[in-house]
């Protein structure tokens, strides 16, 4: 009989970065222990496992610590090969990694960090910059159910956890509509497809609480 594996995930309920890791673990069918962290009072365990960044997510697998959501997703895919989340083709895999960085670096910074600090006029300028970036994702989705084709995978988890199930809730809290059906029909169709996937639905934070949390996070950014 195979020895039981230790798989533990430290996360925060509203964090898109830990939610995407949960999506991957659920897709792979990997049993895991989830440890909820508190943003303002991080546990000694988290600080010991991630002393450099002191952030979630942290994955612990048989005593080994894996940090940063993109790295964790790739580790999960390589460790448990069933239901692959990264494309098998090297070129498609490179594109998925590129667009994942676009989401987490550029769209996140413009659509949340900069927007939280901007006044109303500045937000409109930043919203247009976000639209220009999301248009690249819109083009990638033409003719596809998901970024990888017919099944959810790496880029769906990264972009889905951050944009429709996080940033859009922040924009909702300040009364700003950034992504419209008219301008982004493929993106909106993709979101509807994601909302039907059981493992995704299981990991999406409750809307009202999340909108409140995003308002709180924006306040933290403004006061930092």
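Note that Cβ sites are derived from N, Cα and C of the backbone, with glycine treated the same way.
Taken straight from Swiss-Prot:
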| type | residues | note |
| --- | --- | --- |
| BINDING | 15, 16, 41, 42, 55, 56, 68, 69 | glutathione binding site |
| DOMAIN | 5-84 | domain 'GST N-terminal' |
| DOMAIN | 89-217 | domain 'GST C-terminal' |
| MOD_RES | 151 | phosphothreonine |
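Feature map: annotations from Swiss-Prot on the structure.
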| residue | record | CB count, 10 Å |
| --- | --- | --- |
| 15 | glutathione binding site | 21 |
| 16 | glutathione binding site | 26 |
| 41 | glutathione binding site | 6 |
| 42 | glutathione binding site | 16 |
| 55 | glutathione binding site | 19 |
| 56 | glutathione binding site | 24 |
| 68 | glutathione binding site | 17 |
| 69 | glutathione binding site | 27 |
| 151 | phosphothreonine | 13 |
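On a Cα basis, residue 41 (glutathione binding site) lies 38 Å away from residue 151 (phosphothreonine). For the recorded site, residue 55 (glutathione binding site), the DSSP three-state label reads coil.
When pLDDT values are averaged over the domain 'GST N-terminal' (5-84), the model yields 98.
Under DSSP, residue 69 (glutathione binding site) is assigned to a helix (H, G or I) in the three-state scheme. Comment: glutathione site residues 15, 16, 41, 42, 55, 56, 68, 69; largest CA to CA distance 21 Å, whole number.
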